[in-house]
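J.: Just passing along the structure, written as structure tokens.
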Amino acid sequence: MKLAIVGHGYVGLVTACVFAHLGNDVWVIGHTAEKLKRLQSGDPIIFEPGLEELLQKNLEAKRLRFTSDFTEALQGAAVVFIGVGTPPKQNGEADLAAVLGVAEHIGKHLTNPYTVISCKSTVPVGTNLKVAEIITRVKKPEVQFDVASCPEFLREGTALGDTLHPDRIVIGSNSKTAIDTLLKLHKPIDGERIITNLASAELIKYASNAMLATKISFANMIANLAEASNANVDEVLHAVGMDKRIGRLFLYPGVGYGGSCLPKDVKALIHTGESFGVDMALLKEVDQINISARKKILKKIKEMDDTKHIAIWGLAFKPDTDDIRESPPLHIIHELLEDGYHITVYDPEAMENVKKQMGSKITYAKTSYDAVKDADLLLILTEWNEFKQIDLTAVHKLMRNPAIIDGRNIYDPATIREKGFSYVSVGRP
Ligand code: UDX
């Protein structure tokens, strides 16, 4: 099948590489010449395990092309996916300018007798109808199309596996032809098929991310209570999660959730709910608890006397990505700088992105060990495996004061104290 995909971020590029890998002829549309050139030469631009290899393999096989030319890309495409960003506006609402702008471009350049236009971007309820309205307004009269919502549930760091082996494939459309075309396209991919109307599919994506965020904020709330009452949050949530109705995943407390999706999607869903007159108090609290999680770490730091030089391990919003969008570590660093701390950072992948944003305000270490040299405190903010397997005796020797605040609970408190560290974690005695 020939496919066109507008957008080459996490969603667009991963979708493109996976469908090309499955034998389709995939055209990716972007508008920045320099980025298209890099992609066409095999550089995925973003860091995602396995993506570079898949990109290069499919470029070689000529199943993948990058272009800024809508006419060429859309010609003969059975499905056109929209995979551009929906960043938050100041009031939390999702900014649909890119999605609606792309809809107009698609409409103007459609020449096929029939095309399925499917949105993979996370968009509020009603957006696909707006996309359909725009295309209807600008398209040539002889051209036919249907819209479908086909939300993407991939996580950064495991994006390829998530796309090839998803728990479910959601297809929302009011058109049987569109649903059948998308079912055919997804045939080689596992996962239960869920066919819905447009609005349900749009809401499923937000509701899923809001539920994940709710679990994390719930875990952080229980961690606060555990800390206050001498309970151990690990033991509590392990037992809670063993109930099959609840499940253990996404019940890990820490410095809160970040990334390009959860924070913005929670805010956007609050905004959508309120625009329909629905009380969204639960999600407002989820958002607040998430902010308090990082404030709590800051409070713990300020309670430590004689701390001036802080080493930070972990800058990405989670391991296995270089993404620092809405990363809790970055929020924490900004506040620490305002209070005059000297900060040395290390992250296995996210250093370059942080340098672009923070410049010379902080010091960049080459290794985890370099970062802790002469530090008064080590702050762990992302749970990279490298930190879990570190030589703690060497770390102890390098620090001026062997103190650790572990924002991701990666160490066993008893073991680490035996090594001579003062150790504070989240929700554990
Ligand atoms: C998320 C959704 O999981 C995915 O389905 C959707 O398509 C995009 O948004 P992603 O942003 O890649 O994916 O990250 P995810 O793995 O969900 O983690 C989000 C944040 O939650 C991270 O900052 C992570 O550190 C934090 N988290 C996760 C916790 O603090 N505790 C947990 O138990 C789990």
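Here the Cβ of each residue, glycine as well, is placed from N, Cα and C on the backbone.
Among the features that TrEMBL reports, NAD(+) binding site is placed at Lys35, Thr86, Thr122, Glu156, Lys264, Arg325. Annotation comment: TrEMBL describes Phe153, Leu154, Arg155, Glu156, Lys205, Phe250, Leu251, Tyr252, Pro253, Gly254, Gly258, Lys318 as substrate binding site. Annotated active site, nucleophile per TrEMBL: Cys261, in sequence order. Positions annotated as domain 'UDP-glucose/GDP-mannose dehydrogenase C-terminal' by TrEMBL: 311-413.
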J.: For the binding-site residues listed here, Pro253, Gly258, which shows the highest count of neighbouring CB atoms within 10 A?
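T.: Buried the deepest by this measure is Pro253.
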J.: Record lists Lys35, Thr86, Thr122, Glu156, Lys264, Arg325 as binding NAD(+); longest Cα-Cα distance in Å?
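T.: This binding site's residues have a maximal Cα-Cα distance of 25 Å.
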J.: Would you mind sorting out which recorded positions among Phe153, Gly258, Cys261, Arg325 put a C-beta under 6 angstroms from ligand 1?
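T.: Checked recorded positions vs ligand 1; flagged Phe153, Gly258, Cys261.
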J.: Taking Phe153, Leu154, Arg155, Glu156, Lys205, Phe250, Leu251, Tyr252, Pro253, Gly254, Gly258, Lys318 as the record's substrate-binding set, what's the max Cα pairwise distance in Å, rounded to a whole number?
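T.: Answer in Å: the longest Cα-Cα distance is 24.
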J.: Compared by Cα position, which of the recorded positions Lys35, Thr86, Cys261, Arg325 is the closest one to Phe153 (substrate binding site)?
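T.: Result for Phe153 (substrate binding site): the nearest of the recorded positions is Cys261.
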J.: Would you please pick out, from the recorded positions Thr122, Glu156, Lys205, Leu251, Cys261, the one with the fewest other Cβ atoms within 10 Å of its Cβ?
T.: Leu251
J.: Report, as a single number, how many Cβ atoms besides its own are within 10 Å of the Cβ of Thr86 (NAD(+) binding site).
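T.: The Cβ of Thr86 (NAD(+) binding site) has 23 Cβ neighbours within 10 Å.
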J.: Could you break down the residues of the domain 'UDP-glucose/GDP-mannose dehydrogenase C-terminal' (311-413) into DSSP helix, strand and coil, giving a count for each?
T.: 39 helix, 18 strand, 46 coil
J.: Could you give the Cα-Cα distance between Glu156 (NAD(+) binding site) and Pro253 (substrate binding site), in whole Å?
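T.: Between the Cα atoms of Glu156 (NAD(+) binding site) and Pro253 (substrate binding site), the distance comes to 19 Å.
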J.: Should any of the binding-site residues Arg155, Lys205, Leu251, Gly258 have a Cα within 10 Å of the Cα of Lys264 (NAD(+) binding site), which are they?
T.: Gly258
J.: Cα of Pro253 (substrate binding site) to Cα of the residue listed as 'active site, nucleophile': how many Å, rounded?
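T.: Distance (Cα to Cα, whole Å): 18 Å.
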J.: Starting from the Cα of Thr122 (NAD(+) binding site), work out which of the recorded positions (Arg155, Lys205, Leu251, Gly258, Cys261) are within 10 Å.
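T.: Correct set: Lys205, Cys261.
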J.: Relative to the Cα of Arg325 (NAD(+) binding site), which of the recorded positions Arg155, Lys205, Leu251, Gly258, Cys261 have a Cα no more than 10 Å away?
T.: Gly258, Cys261
J.: On a count of neighbouring CB atoms within 10 A, which of the binding-site residues Lys35, Arg155, Lys264, Arg325 is highest?
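T.: Of Lys35, Arg155, Lys264, Arg325, the one with the most crowded Cβ is Lys264.
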